[in-house]
Each structure stands twice: as structure tokens, then as C-alpha cells.
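*Asks:* Okay, these came from TrEMBL:
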- 1-24: signal peptide (SIGNAL)
- Cys35-Cys113: disulfide bond (DISULFID)
- Arg62: site 'Transition state stabilizer' (SITE)
- His66: active site, proton acceptor (ACT_SITE)
- Cys68-Cys73: disulfide bond (DISULFID)
- Cys119-Cys321: disulfide bond (DISULFID)
- Thr192, Asp244, Asp252: Ca(2+) 2 binding site (BINDING)
- Cys198-Cys231: disulfide bond (DISULFID)
Amino acid sequence: MRCLRIVALSLTLFLVGLVGPIQAQLQMNFYANTCPNAEKIVQDFVSNHISNAPSLAAALLRMHFHDCFVRGCDGSVLINSTSGNAERDAAPNLTVRGFGFIDAIKAVLEAQCPGIVSCADIIALASRDAIVFTGGPNWSVPTGRRDGRISNASEALANIPPPTSNFTNLQTLFANQGLDLKDLVLLSGAHTIGVSHCSSFTNRLYNFTGRGDQDPALDSEYAANLKSRKCPSLNDNTTIVEMDPGSRKTFDLSYYQLLLKRRGLFQSDSALTTNPTTLSNINQILKGSLEGFFSEFAKSMEKMGRINVKTGSAGVIRKQCSVANS
């Protein structure tokens, strides 16, 4: 009997251990009682301003991605550092835009519900709303994320997949976040909108292996056009180029079509066609409908938005998104 009681007690403690984290997980309408209009405030702000700067949709989505890949979705990408060693100071984040936009939403929320809505949730909600308002897919955004206080440039550099990634590097960095190859292909589909600086891919045009050569995986006609009309030198750090030429404002399947034509802008885009599983995923997406892609993209976004979130008593609610100890 004593052994049975010990087993029963152990099982109870095990179950309590399971229930604890589950209770602290994200949930839909988390702010229903503490700030009932929180999500509408975010949505209205995005709706009122995104038409004046539609390119922010891609920028906010990128910010969300970069935030979640470093210490989880905790708003740490927003933190400023006087010493220049925060996430936003790292090379992958030097071209991230939308910080002021998030700060403006936070100010409205603080006026309505002081100290309630996290910066991490604002990024998640605003990026989704911006994509929807520009004609892209919709996805569920459960809330309840809390903010982190640690932001290191070195961690951003180590965890955010660079555009020069080969397949192995992409697979590893995504797997580190609990994302599989299907998620890799679907989330890469966000490159159907937005722009990039030449510096993210000119090595493919001018110095791919360090010998002044061109990436043989890049379509030669496309490469010639990029050289003559967009990025005339290896050292161009200012010119911007469409990631999905002719379709950069439309969330569609064009990006995947270009991959099969060897016209993915980044080495990381091209890498998706070098593995049989990801190549099969690309072909499946193209055989399906746009609605089907939207549905699958939504699932991967929801999954990404849950990466290592801080909930319950973990983390804080920063009153100023750019200040770690606010």
C-alpha cells in the first residue's frame, strides 16, 4: 500500500508539473478583462496608417520573425542599447524597420491600459494586421506574451538565418526553434512581399566563392539584369531591390514560381530547391490554390509566434518598448 501511495503521489506531482505550464500558455483574447479594446486599438492603428506606408507590412513581419528567433517572441528586438550591443545593433537587424510604429501603438495602449499589454504581443498583432490589410493571409494570434529584458547582438547574429545560408544552416537554425522543413518553406514565402538591400546578395553576383565569380545556381539572365540595373558593384549598401520582382506588393505564389526558375534573390531562397523535401513542398504549394497556401502559411505563423514565449510570471511588461527596465 505504501508503494502505491508513493506512486500515486509521484503521478500527482507529475500531472501538476504538466498543468502548471499549460495554464500559463498563450490564449485568445488574453486581455479581455484587463484591456478589452487592446486588439482593436492595435488593429485600428494599423488600419489608419498602413495605407500611407504599405511597405511596413513586410517590415513588421520581418521584425516579428527576427524577434522570435532570438530568445523567443519577447520583444527583445525592440530594446535600445547605449553601448551598441543590443539585438537591433546586430547586422541582421540593421535594416529592420518599424520600431517607431510599434512605439506609437504602445503609447496609445499605455494611455488606455497602463502596464498591461506587452511589446511582444504588439509586434505579433501588428504584423498580422498589417499583412491582412495589404491583402495577405490572416492567422490567429493568441496573446499573453510577456517581454524580455535581455537583448544581445551576438545572439541575434547567431540565431537569425542570414540570406547567405545554405540548406544545412537553414535546417539547423529553424530546427533550433522547433520549426520543421515545411515551416521553413512556408515562412520563406513571406519573401513574396518587400525589398532587400543589394548587400544581402551581391556576393552571388560578384564574389560567390571569393574568386570574383557568380553563383552558378542563379539564373544568368536574372543575374545580368541585377548587375546592370540594380546593383552595379559589390559594395552597394544602399540600393533596394524587390524580392519578388513585379509582385512585391502582392502576397501570392510568385515567389515559389521564381524559385523553380532559379530566380530566388538570396542564396537562402535558392537553397530551398537543393533538398528533395523542401523542393517537394514548393511543388505542392504551386499545385494548390492561393487559399491553400494562405491556410498553411497561417499555421506556420501561429507556430512561430509561440516560440519560447514568456508567460505567467516570467518576463515583464515594459512600459517603453525600447527600454529594457521600463
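Placement of Cβ uses the backbone N, Cα and C atoms for every residue, glycine included.
TrEMBL labels come from automatic prediction, so no person has curated them.
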*Asks:* Could you list the residues of the same chain, at least six apart in sequence, whose Cβ is under 8 A from the Cβ of Asp252 (Ca(2+) 2 binding site)?
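*Replies:* In sequence order, the residues whose Cβ lies under 8 Å from that of Asp252 (Ca(2+) 2 binding site) (at least 6 apart) are Thr192, Leu290.
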*Asks:* If I take the Cα of the residue listed as 'active site, proton acceptor' as reference, which of the disulfide-bonded residues Cys73, Cys119, Cys231 has the closest Cα?
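*Replies:* Result: the closest of the disulfide-bonded residues to the residue listed as 'active site, proton acceptor' is Cys73.
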*Asks:* Taking Cα atoms as reference points, rank the disulfide-bonded residues Cys35, Cys113, Cys119, Cys231, Cys321 by distance from Cys68 (disulfide bond) and give the first.
*Replies:* Cys119
*Asks:* Taking Cα atoms as reference points, which of the recorded positions Arg62, Cys198, Cys231, Cys321 is nearest to Cys35 (disulfide bond)?
*Replies:* Cys321
*Asks:* Got a sec? Which of these disulfide-bonded residues, Cys73, Cys198, Cys231, has the most Cβ atoms within 10 Å?
*Replies:* Cys73
*Asks:* Can you tell me the CA-to-CA distance separating Cys231 (disulfide bond) and Cys113 (disulfide bond), as a whole number of Å?
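*Replies:* With distance taken Cα to Cα, Cys113 (disulfide bond) is 47 Å from Cys231 (disulfide bond).
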*Asks:* Distance between Cys73 (disulfide bond) and Arg62 (site 'Transition state stabilizer') at the Cα atoms, whole Å?
*Replies:* 12
*Asks:* Rounded to the nearest angstrom, how far is the Cα of Cys113 (disulfide bond) from the Cα of Arg62 (site 'Transition state stabilizer')?
*Replies:* 27
*Asks:* Cβ-Cβ under 8 Å from Cys119 (disulfide bond), same chain, 6 or more residues apart: which ones?
*Replies:* Gly75, Leu78, Ile102, Lys106, Asp147, Arg318, Cys321
*Asks:* Given the Ca(2+) 2 site residues Thr192, Asp244, Asp252, which other residues of that chain have a Cβ within 8 Å of the mean position of their Cβ atoms, reported in sequence order?
*Replies:* Gly189, His191, Ile193, Ser247, Arg248, Thr250, Phe251, Leu253, Ser254, Tyr255
*Asks:* How far is it from Asp244 (Ca(2+) 2 binding site) to Cys198 (disulfide bond), counting Cα to Cα, in Å?
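*Replies:* Cys198 (disulfide bond) has its Cα 14 Å from the Cα of Asp244 (Ca(2+) 2 binding site).
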*Asks:* Do me a favour and check the Cα-Cα span between Cys113 (disulfide bond) and Cys198 (disulfide bond); whole Å is fine.
*Replies:* 42
*Asks:* Ranked by the number of other Cβ atoms within 10 Å of their own Cβ, which of the disulfide-bonded residues Cys68, Cys113, Cys321 ranks first?
*Replies:* Cys68
